[in-house]
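Right, one structure below, let's go through it.
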Amino acid sequence: MRVAMISMHTSPLEQPGTGDAGGMNVYVINTARELARRGISVDVFTRATRPSQGEVVEVAERLRVVNIVAGPYEGLSKEDLPTQLAAFAGGILQFARARGVHYDIVHSHYWLSGQVAWLMADLAQVPFVHTGHTWAAVKNAHRAASDSPESDARRICEQQIVDNATTLVVNTEDEIDELARHYDVDATKITVVTPGADTQLYTPGTDRNTERARRELGIPLLSKVVAFVGRLQEFKGPQVLIRAVAEVLRRDPERDVRVIICGGASGSGSSVEYYRNLAHEEGIAGRVRFLGPRPPEDLVAIYRAADIVAVPSYNESFGLVAIEAQATGTPVVAARVGGLPLAVADGVTGVLVDGHEPGPWADALGLLVDDDERRIVMGEAAVGHAARFSWAASAAALGRVYDATVASFVPGGVPREPFGG
């Protein structure tokens, strides 16, 4: 089987935590790698953002990332990308024609890619699989008060994708409920494929690992450390963590609590300076360390250096950071939203918090900051919990979805492009 995987707005090879790169990038590259290992050929099409990238990157046997020129390399925001959908689609068709490549299925990630995949699949008369990752109506229902709403145009485009996709892949049962609540969707075309984590990379460390990581980060060995990993945008909630830790310290100024915030501003996010100023306003500027985006190998050390990892998002279709952190043996305090109740076992591997007010978050953080034994027990349970989630299992499930989708697909006409096989 050969799959055309479409990730227009962000390359799976980009560094997560910067620009528009995040959990979706991690999902795409890891599922694609595992599919390739299972004998499925995958071409991931993304928009070229640098001339130095080259057209084709051979990532692994049976896995390529294809950089399609559509608009200028730089200076084009995600909000402007709809103007380049036709150029991007044309570039994919030209690539396939020039090489005589035929695909059995088209799988898109995010709504921009879904619009292109809909066209590709219709031209070739092959199945169209879509994974939304985020949905406009769901984000609007859960957004922070200061966040700008997603556009009506995006929601309309998503409804078109929902109507025309052969199969919709979602992360959790909760996402099925959200789709049913906010979109007119045929539930029979939805299937759940739970994401995973690289449990070979994200593993518990020794005391020596933790000490070394803290020294490298300039954090006192005896401090209690709370880490945030993700893009710096209101929807991800770094401001929630800063205000909550300030409240923790107001309640007991003797507590030695430090915060690590690891990530960069996204295209629609706030700047690092905004969060520095917030920490200053809350009186904890000296306790907050801002790190830029880090590759997975560095994240391992950050997770191990932390006593707690916070995931205060306003919504998450799953929550990869929560699984990665737990795989290293670090308990998680997370918002009770979206897929996070699946990713975090409340009271066992971490604590789920209702809402985003500083008080309840300070309660949860303070509980773990003050109770070393509870943190250790939760961390041990977290490793076993995270082991349930692997990219190999995700890809195996996705492969079964592909097989079933292809087997049941009935073309609605004659292929008008050699894109399909």
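Glycine is treated like the rest: Cβ placed from N, Cα and C.
In TrEMBL this protein carries:
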type	residues	note
BINDING	His9, Asp20, Ala21, Gly22, Gly23, Met24, Asn25, Lys78, Tyr110, Thr134, Arg154	1D-myo-inositol 3-phosphate binding site
BINDING	Gln15, Pro16, Gly23, Arg231, Lys236, Arg294, Glu316, Glu324	UDP-N-acetyl-alpha-D-glucosamine binding site
BINDING	Tyr303, Arg304, Ala306, Thr330	Mg(2+) binding site
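Counting every protein chain shown, the Cβ of Ala21 (1D-myo-inositol 3-phosphate binding site) has 21 other Cβ atoms within 10 Å. Spread of the UDP-N-acetyl-alpha-D-glucosamine binding residues is 21 Å (greatest Cα-Cα distance among Gln15, Pro16, Gly23, Arg231, Lys236, Arg294, Glu316, Glu324). Between Pro16 (UDP-N-acetyl-alpha-D-glucosamine binding site) and Asn25 (1D-myo-inositol 3-phosphate binding site), the C-alpha separation comes to 7 Å. Within 10 Å of Ala21 (1D-myo-inositol 3-phosphate binding site), judged by CA to CA distance, lie the following binding-site residues from the set Gln15, Arg231, Arg294: Gln15, Arg231. The two recorded residues, Lys236 (UDP-N-acetyl-alpha-D-glucosamine binding site) and Gly23 (1D-myo-inositol 3-phosphate binding site), have Cα atoms 12 Å apart. Just so you know, of the binding-site residues Pro16, Gly23, the Cβ with the fewest other Cβ atoms around it within 10 Å is the one at Gly23. Cβ crowding, taken as the number of other Cβ atoms within 10 Å, peaks at Thr330 among the binding-site residues Gln15, Asn25, Thr330.
Calculated from their C-alpha atoms, the gap between Tyr303 (Mg(2+) binding site) and Glu316 (UDP-N-acetyl-alpha-D-glucosamine binding site) amounts to 19 Å. Fewest Cβ neighbours within 10 Å among the binding-site residues His9, Arg154, Arg231, Arg304: that distinction goes to Arg154.
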